[in-house]
Amino acid sequence: MSWQTYVDDHLMCELEGNPGHHLSAAAILGQDGSVWAQSSAFPQFKPEEINGITTDFNEPGHLAPTGLHLGGAKYMVIAGEPGAVIRGKKGAGGITIKKTGQALVFGLYEEPVTPGQCNMVVERLGDYLLEQGL
């Protein structure tokens, strides 16, 4: 299965119990910031934005004072799982990032999708990739 298939079928899929609702954007990146696959609406990001995210996984709390930036948008960092999941909020939407052994799995959402729905979609794929040694 290609990485694009994981994005299209497992991240950008219709949400269970919510016909017509799905994440607004998603991607799978290598921990070096290389794009493995992304949805068409995933924001153009800067290398330093990914560096900040990877630093926060290694040093939890790094992004809290400045916020998480992706594609020029600033997200307020909210409770995540140190070293495993970063969650951010921006207005009526937000972001969930799950770290696996080799990748970063991104999901972005806007209302009516809830933070919990985004977390479930992103973390389920991230957990699967971890189980596969990826």
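The backbone N, Cα and C atoms fix where each Cβ goes, glycine too.
Small disclaimer: the values here were computed from a predicted structure and weren't measured.
Of all ranges given (16-32, 33-49, 50-66, 84-100), Swiss-Prot attaches the label motif 'Involved in PIP2 interaction' to 84-100. The two recorded residues THR114 (phosphothreonine) and CYS13 (disulfide bond) have their Cα atoms spaced 15 Å from each other. Within the motif 'Involved in PIP2 interaction' (84-100), the DSSP-based counts of helix, strand and coil residues read 0 helix, 13 strand, 4 coil. With every protein chain in view, the residue among the disulfide-bonded residues CYS13, CYS118 whose Cβ has the most Cβ partners within 10 Å turns out to be CYS118.
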